[in-house]
Structures are given as structure tokens and as C-alpha cells.
Amino acid sequence: MCRIAGAPRTLLPLLAALLQASVEASGEIALCKTGFPEDVYSAVLSKDVHEGQPLLSVKFSNCNGKRKVQYESSEPADFKVDEDGMVYAVRSFPLSSEHSKFLIYAQDKETQEKWQVAVKLSLKPTLTEESVKESPEIEEIVFPRQLTKHNGYLQRQKRDWVIPPINLPENSRGPFPQELVRIRSDRDKNLSLRYSVTGPGADQPPTGIFIINPISGQLSVTKPLDRELIARFHLRAHAVDINGNQVENPIDIVINVIDMNDNRPEFLHQVWNGTVPEGSKPGTYVMTVTAIDADDPNALNGMLRYRILSQAPSTPSPNMFTINNETGDIITVAAGLDREKVQQYTLIIQATDMEGNPTYGLSNTATAIITVTDVNDNPPEFTAMTFYGEVPENRVDVIVANLTVTDKDQPHTQAWNAVYRISGGDPAGRFAIQTDPNSNDGLVTVVKPIDFETNRMFVLTVAAENQVPLAKGIQHPPQSTATVSVTVIDVNENPYFAPNPKIIRQEEGLHSGTMLTTFTAQDPDRYMQQNIRYTKLSDPANWLKIDPVNGQITTIAVLDRESPNVKNNIYNATFLASDNGIPPMSGTGTLQIYLLDINDNAPQVLPQEAETCETPDPNSINITALDYDIDPNAGPFAFDLPLSPGTIKRNWTITRLNGDFAQLNLKIKFLEAGIYEVPIIITDSGNPPKSNISILRVKVCQCDSNGDCTDVDRIVGAGLGTGAIIAILLCIIILLILVLMFVVWMKRRDKERQAKQLLIDPEDDVRDNILKYDEEGGGEEDQDYDLSQLQQPDTVEPDAIKPVGIRRLDERPIHAEPQYPVRSAAPHPGDIGDFINEGLKAADNDPTAPPYDSLLVFDYEGSGSTAGSLSSLNSSSSGGEQDYDYLNDWGPRFKKLAEMYGGGDD
């Protein structure tokens, strides 16, 4: 318990005892006590008090939570108390001693029980020289005394009193350090004590906020406090002697930081967005805006109130919305929200603390944007009462008409999108309406073909709706219904055959020129005078013809049921009907002729080839009949052997097994192996019956004990078919032709090779390749050549090695002669003679050829030549006057000359 200095000191021991009891009984649970928790509430105010100014707040402890109390002031003319305990000034007045104290009563409304508490108002001191000099009145806290034992037990007092907390306003301007309270022990009379405080704000972070004079025990604050940072400090005071021994138990000191209105409200968002459906009733919730205040929310400084400062636009009413001043809920208060007129509202919201007091409260603003959402309150309306369109007959998926509507709702929403339906005039469902998603128009489309000859015009009744129902209370106007007049345009249609296909039944075998039926087509265009002509489109067997005018179908060939063009007894022919309209149209029809069978096919033996043994046992031949007719013109069949030739019945016998099968056996004991043609008479069951002699080729062979043929090769050779023989002969002829062509080609190639040999350059041919020397002169007169040597140059034996002697400088060196490939035999000697004569003739007639036959003048080459002077050479002179034996030394190429001019008798 705190007291003012100068109060009766007799209360100090009691306070100390109570404090000691509270410290020792800290583990006990304090009992709740209904009433005011404080004995005195105090507030420090300025000199001038204004009307409506909040002064302080009192708290009432309602333990059971069920009491409803009502506050009253002992000075109702000056002060009033709100339901939450906030004390306001009723009028403006200067603070004086007569207003410094008054009482506040709390009365239970049900039990009428009453409680009271004192309120003390203090004037905020002004720093003058006198006030500085005067010692302020400082509260004093005394350590409780040590309790003595009574009857051997430590006495403990009830905890009816506790040390009240120290209330210190935030943002104090000082001067600092500012004294708060003095802590003292009763033992300071006998002992020299030292005081200290511990805890956050003293020796713990934030350190240095509170300090204590260790000798006097004066507790002071060193700087302004901020409640928004730390709202309460919990310190412990200690008292020790000069030796550091504890002389008092520590006491707790609680310092409450009194909130000051130093923070404005702050909205969580500067711009708030909300929506409300158009046409909403008053009282419809829209949105909630929220602001926070850093000041004490339990005090006036943190109690906010909201209000709407402005609304834009102000139509249809300037007060379309209101706001709950405590919760910030925005609701509608007026009707008439219409999105088609106003799509968005902008509200300026203000939040003010001090419970919205405009004089002392701090305020802030934010913007609330409310969008009016669309509802389906505008039905679609047609732009015209009647729409017109036309469509050619037999056309589908054609847009007939384009329906246009207007809808004031928000485009491309379910409340704007139109849905069209046909409510009348189309019982067969020939039309449908689709919605264009971009323009919202209705596209009337034909979904079923329309026949002009049946319906020439349609009058449709159409209605337009939205994808969602209309808002409550909205009705569809007459403009939501319209009519569509559709005109059908006549077009030239295809002629059609009826029935199609047309089926007729006729016997096969009808002769050419028989009229089968009339196959005509109908023209659906009854109102057009048109002619139809007929043509044949498909007739696989070319049996039919159709009259181009009347459509009569006549045969031009015999109808045959057994034809490959007949499937399942039905012959199909297709015909074309064309009109002369603009444009001309055509249609096809199919005629199906079901051909009835007649007995026009004789039966044949099956199989046509068989084999059996030379003796009747152990096998026989099973045969049946093949008849292209069907019942009853086919089986059962009758099998028999002809009377002629007589060998047939003498050698063979036939036995009927049933209506379809018979058995052929040898009648004699032995028949030589070979191939036999056995005629068999087969008769069907038609009316009249039809017979046929069919040949069965039977191969008779030697058989083993099992009845199997053993001379298969001979039978196979004897039984070779005509086609196989022809194929073999053709192959042989082709091979002979190929061999002959190859021989001719080889001979022609040899001739070409021989001709090329004759055209070879003389310098390249070994047979006449005479070496060139420095002896120059005319041609040789003697042209009596030995052609046999030219024809067979390879027969000439190589000459022996030339003996050592004088050699010409132009003589070929002696070395191994090159081996030339052996040429083919030379052609006829006459060919070579002709070739040489042609060469000579060409050389004589060529003016650019070397003058081999002309007189040439040569320089003298000096002596030493065995030939002497060139002028002495005369090829026409007698050879006997000269010695040509040296030619034998010139090698094999001059051997012939040596033989001709050498020392022989020739």
C-alpha cells in the first residue's frame, strides 16, 4: 500500500506485515473480490478541462460475470461515467482543488448492492523556479517487518492489502531523472543500509531506465517511456547492510506505463474492395474495413470509431451505405442499386480513436470501392417483332434468319447470354436456333430437309431467355417473343425410281427382244413441266436395253442363270433417269431380275480323270455328276455305259450307288496298263431330263499288294498333256534360237576384229614395222612381195645373235625381241593386196604426203660409208652388181631383203 509522505506513520508496520504475508504466501491463490480493485484512482490533467474530455478509466471486478452494474458520479454536474468505466467531463472548467476529488459509485441493477471508489485529479506541474526549489511530495515504500513467532508458529496475516503499482505516463517530458518513489527500511535507524533494484529496465535490458539512490532509496526514471514498447515493468527492491548482508526480503515493485494518445489509427489496407448485387435490399452486408491503433485498446486512446465521410457518385441517394462505427461493417441503407446506372461506388472511410471524439481523437482515412455486381434483372428483347428468311428446299445446315436482341445486363455473362427456343410453328423439328457467342444473335438453321411441294412457308414463334432465371420480381416483356417467316424456294430435284430396287422374276433362257418390265422414275417437281429420259448405266452381261421415253426394259440376249454375272440367282442392272430442268438432275434405279432355273445344262462326270489297277481288285473308281442347274433340274442322276464301241461294256461295268454317286470297275480280269477314255452316259432329273455322254480318262497301271501304282513314270510319261508337250517344244525352240543368235554374234565380232587389225598404223604393226634410217630416196620399184610372209609373220624364226663386226649407227641394238600376242589368221591375200594398192594410190594423190617417189637432193655426208655416194644408188639396176650380204647382219627384220638380194642364186 502506498501513502503520501506526511501520512500517519503508524500504518507502515501494518503495510510491511501485509507485504511479508503476500511474499510468503505467493503460492496461494488469491480469492476474487467483487468491487473496485483500487482504493483510489488518480489522473494528472492540464489546468483547463474541456467538455467531453475523457479523464480516466475505472475498472470493476465482476467475479461471477453475471452482475450488471451502473456507474454514477458524486459530481454529476461535472463528471459522468460511461458503461465501460470511462470518466468524461460534462462541461468545461478550470481544474481546481474543489474538483480534485470525487467519488464514483457502482450499483448492481438487480440486487441494488453498491460499491464506491475515490478519484483524485492532480494538476500537471509547471516547471518554475519555485517548483524546482520546492521538494515534491514523494511516495514512500517501506519494507515490511520480520514477523515474530507466536506460540512457536510464524504468524501470517491475510493478504487484504497489496502494494499498489506505480502509474507513470508515457512520453513524459521530464525533467529527468524524474523521482518516482522512495524505498526505505525501518532498520535504517540502527544500520547503514544500501538500496538497489533489479529486473528489466534496471540491471536487465533495457538497462538504465530506472535507477535508485543506494543511500536514500530514491527510485527515479531516466528517460521517457513508450507504452507501445513496454507497457509494464516488474522490478524488485533490495536492502543490504554495508557488508552486503540482506537485511530485508526483496519486495516487488510494478510500474505501469500509462497510455497517451500518441498513435493514429492505421487501416490494414489503404484501398478496400467489395461487391454488392444490384437491387439489394437495405441492410445487405457489403464488406468490413478494419483499422488498428497501437495505443491501449482498453483505453480511450485505442478505442476506434468508423464513419463514412463521402460517397461518389451520390446517385440515386447520397447515403446508399452506412458503416457500423465499432465493427467497420458496411451495409446498404437505401434501395435502388442498379448496375446499369452506377457500376461502382467509392467511399471515404474515417477511423477515429478516443471513441470517435472529433476534438481529442486522432483519425485516419481509407478508400472503400464497392462494385455493383450484375443480376439478371433485364430480360433479352428482340429488336423486331418479325424476322424474315428463305431457304432452298432439301438444303440442311443453312442459316435462314439472324435474330437480334438487346440485353442491358453485363455482356458475356450468364445474365446476358441469350438462349433461343422455338415455341411454335415447327412440329416436325426442321429448324434449330443457335446462339452466336460474340454477338448474342440467334442463328435460325435448317436441320431437316424441306420439300417445297409439301411446305412452301413456315411461320415460327421464337422466344429469348437468359442462361439464368430472371431476378425475383422481374417478368418477361412481350419483346422477348418474336415470329420468323421462312419462305421455301423451289429447286430442281432428282428424279427417283419407285420402288428402288425393283425386283422381277423371270425364267432364264428368254429369247432376245422379250419385254421384261417397265421401270419408270417420278419427278418430285410437280410444278415444273419437265421430261424424263432413261439410259442404261450398268448392265454387266449386256442383256438388256431400256426405252429412253417410256422406260420399257427389253432383252437383247438370252438370260442365263448360270452366268458368272448372276449372284444367288439375281442379276442386277442399273438405270439412269434424267430430267431437262435447269440445272438438269438425274437419279438412279436398280432392277433386280430373279432368274428361275430351267433344265438347260447337261450333267458332266466328275472327276474327269482317275486311275485303277490292271486287275479288278482291289480298287474301283467312284464318280459323281456335275450339273450347273439346281433342283429339281439336277440330281438324282442316272449313270450308264454306251453300247458303242463294244469294248466299253466288255471291259467296264458301272454301278449306281445312290442318286449322286456311281462306281466304275473293270469287268475283265486283266487290262493292259495305259490310258483309256471311258464314255459315261449321265442323265439328270429335269423335266424333260437332259443327258450327256461324258468322257472319263482312266489310267490303268500296275499295282502292288496295297493297290498302289508301281509304274508311275511310264504312266506319267504316257499321260503327259498336250499343253505340257507344247510348252516343252517351245522351250526347246527358244533355246535353239538363242544358240544360233550367239553363234552369229561371235562370227560378226571376229570380222570386226579382223577389220580393225587391217586398219592398224603400220608403225604399230609388227608385221611391217621397218626401222627408219638416215638413207633417204625414192620408193622401191620392185613390188613383187612375198605376201605369205606378211600373212604369217609369226612363223619367221628369230635370227641368231649377230656376230661381232661393223655395225651401222642406226642399227637396232641386239637384245631380246619383245613377244607380241599371236594374232588371228590373216584374211585372204587378195584383201591385203587391195589394202596396199589403196594406200599407194592415196599417197600418190595426196599433195601433202612425203615425196617418196620424187627426186630429192641430199648433202654429201662424207666418206666411210660402205654404200658410197647416194647418187650411185639405183634400185632399178641389176642386183647382181652389188653385194647385199651385209643385210644378213641387220637382224631378222631385214632377213627377207637379205634372201632377196643376198648371195644366193636367185
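Glycine is treated like the rest: Cβ placed from N, Cα and C.
Copied from Swiss-Prot, the annotated features are:
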BINDING   ASN261, ASN263, ASP293, ASN301, ASP353  Ca(2+) 3 binding site
COMPBIAS  863-880  compositional bias 'Low complexity'
DOMAIN    160-267  domain 'Cadherin 1'
SIGNAL    1-25  signal peptide
TOPO_DOM  160-724  topological domain 'Extracellular'
TOPO_DOM  746-906  topological domain 'Cytoplasmic'
TRANSMEM  725-745  transmembrane segment
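Here the features listed in Swiss-Prot are placed on the structure.
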residue : record                : Cβ within 10 Å
ASN261  : Ca(2+) 3 binding site : 20
ASN263  : Ca(2+) 3 binding site : 18
ASP293  : Ca(2+) 3 binding site : 24
ASN301  : Ca(2+) 3 binding site : 24
ASP353  : Ca(2+) 3 binding site : 26
Residue distribution over DSSP helix, strand and coil in the domain 'Cadherin 1' (160-267): 4 helix, 47 strand, 57 coil
ASN261, ASN263, ASP293, ASN301, ASP353 excluded, remaining Cβ within 8 Å of their centroid (Ca(2+) 3): ASP259, ASP262, ARG264, PRO265, ALA294, ASP295, ASP296, LEU300, GLY302, MET354, GLY361, LEU362
Secondary structure at ASN301 (Ca(2+) 3 binding site), reduced by DSSP to three states: helix
Coarse DSSP state, helix versus strand versus coil, of ASP293 (Ca(2+) 3 binding site): coil
